[in-house]
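Trainee: Sharing the record's features from TrEMBL:
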{"type": "REGION", "residues": "1-28", "note": "region 'Disordered'"}
{"type": "REGION", "residues": "204-245", "note": "region 'Disordered'"}
{"type": "COMPBIAS", "residues": "218-234", "note": "compositional bias 'Basic and acidic residues'"}
{"type": "REPEAT", "residues": "296-338", "note": "repeat 'WD'"}
{"type": "REPEAT", "residues": "340-381", "note": "repeat 'WD'"}
{"type": "REPEAT", "residues": "426-460", "note": "repeat 'WD'"}
{"type": "REPEAT", "residues": "527-551", "note": "repeat 'WD'"}
{"type": "REPEAT", "residues": "558-591", "note": "repeat 'WD'"}
Amino acid sequence: MDLIAQGYGSSSDSEDASSRKPAKVAKITSTSIQVNGAPDVSLEDPSYARHIYTNPTDTQLAVNLNYDSMLQPVQGPVNPFTSSSSKSRAMDVRRNVWTGHVEENMFSEHDFRTQQQSYAAFGFAKDPSVLSVADNGQSGSGKQGTGFVGNVEKAREMDGATIWDKVPKHLRNNQNQKKRQTRGDASVLEGKDAYRGPWATYEGDRIGELSGPTEEERDVHDKQVEAAAEEKQARNKANPTKPVAAGSETTVFHGKEEHDYLGRTYMHVPQDLDVNLNGEPGTQTCFVPKKLLHTYTGHTKGVSAIRYFPKSAHLLLSGSMDTKIKIWDVYHDRRVLRTYMGHSKAVRDVNFNNNGTEFLSASYDRNIKLWDTETGQCKATFSKKTIPFVVKFNPDDDKQNVFLAGCADHKVYQFDARSGDVTQEYDQHLGAVNTITFVDDNRRFVTTSDDKSLRVWEFDIPVIIKYIAEPDMHSMPAVAISPNHKWMACQSMDNKIYIYNAKDRVSQNRKKLFGGHMAAGYACQPSFSPDGRYLSSGDSEGNMWIWDYKSCKVHKKFKAHDEVVIDSAWHPHETSLLATASWDSNIKLWV
């Protein structure tokens, strides 16, 4: 700056410049001056030091601001995603709810009702907003600055009239209303001008004619109904499964050879194990399973029921919703041995006879089939044109040709497997029969039904011995018998398992009650351990529950499957081998 001052004079010296000598100019060399391309510059404006900056969206301030600070313009980059208009941007700033801005204003009930009814009658109303101003200076800009919302053109034509203002006839909304007939002449009794008085009707009313639609309206309605029915039928149309003809059942053996070098099939009880499969069940102390041993994956849909091979339990039979029945190897390779195919719909229940040479299968195709376990041949098919929910052989050795079937038509049918005839019917239930349990040395059997009752029958006599139905009872779709055949565990739809005496006098043991699980809506089959120490059941969330039978307390709960565990069975000769079946199409062994 000194160099500039020396090189240039002030304006006052311009007048006598001619009388003064020229000033000496300092010589500038390259070594005497260094140029700084980025000098330190202070960006602070001293005037801004007096202001306090706030966020425009703040609704509360911790300090008192002066007038100048509150009126400072909004600084910073503009949000490119907001509206470009200043009004919309102001609304974005003042937004206090997700959908916009809600104002708290005092609005009289009379004014509110007036504008509400005016909008309903004429299609427009005044804009009650106080954040904007209309072109005429009133609060509330409305559409296009008119101060009204709704039909702006009509508001201009009617000059913003309300329901309390007088409106010309051509602008009223009652132009399409029916006109009422005249009262007529009191001196005329009949004819066009007959006296009607206060009973005058409206034009177009068909007084004296039959009420109802006209022929044209009826034809249009019929066509609409037919079109809707066709559309619904096309939408709900499904490919019906073709029933399997008798004698067309098939079977597939999945092993390499059906017979070993001694001519034995998979029916032979293995002797090369550490467990005596021919021993007496329940002689060993049982324990709670701790880990997963094996998972059977072969079914494509949910598994409905699993049954161990009688006495030895070296095979496991399963019925599935994929219409197939499979038998699995419990030991050695633990793979599927044979598949039985003969049903056209989901299999509901399976049941072995005493020696395991035959088994029954009940399906939703309304058929009951008798299969040969070893060869896979379907020996007979039984049907009463109703869905069987449960099938049971008579446990007596001299009655292995007789079995019972509980069906959806509220009846229990007694079949003779040799002749195929129905030898007895038990028809006292008022709902579908879900379970059949033989008690009292197989002289009686107990049935449970959807009618929320439990009934005891004498075998081969269709007369009820005992009927149990309490007001607080729920349906019990799954029942298990204890190893000593003294107690029955009944899965109730109120998420509890009740215990009933299975001896001479069938009654509830009110000291035993097991709960905690969620099984309402599902027929989760309970199961006793071979020694009777534990009671197990699945639930609707895929968990496995194990209770201590003596104390009724939950001993263990673990996640077993991804979907509902519908069935479980303890191995009669193992200490802790438990099989579980689920609607996730898997069968698992826990040990």
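In case you wondered, yes, glycine gets a Cβ from its N, Cα and C as well.
Automated prediction, rather than curation, is the source of TrEMBL annotations.
What's the neighbourhood like for each of these?
Mentor: Residues 251-255, 266-267, 269-270, 273, 277-278, 344-356, 359, 361, 363, 371, 373, 376, 525, 563, 566-567, 569, 571-573, 579, 581-589 of the same chain, all 6+ positions outside the repeat 'WD' (296-338), place their C-beta atoms under 8 angstroms from a C-beta of that stretch.
For the repeat 'WD' (340-381), the residues of the chain that approach it from at least six positions outside its boundaries are 241-244, 246-253, 265-267, 301, 304-305, 307, 309-311, 315, 317-327, 387-393, 395, 397, 400, 403, 405, 415, 417, 420, judged by C-beta separation under 8 angstroms.
Mean pLDDT, taken over the repeat 'WD' (426-460), works out to 93 on the 0 to 100 scale.
Beyond its flanks by at least six residues, the repeat 'WD' (527-551) meets 281-282, 284-286, 288, 480-484, 489, 491, 497, 512, 514, 516-521, 557-573, 578, 580, 582, 584, 590 of its own chain at Cβ-Cβ distances under 8 Å.
Taking H, G and I as helix, E and B as strand and the rest as coil, DSSP gives the repeat 'WD' (558-591) the counts 0 helix, 18 strand, 16 coil.
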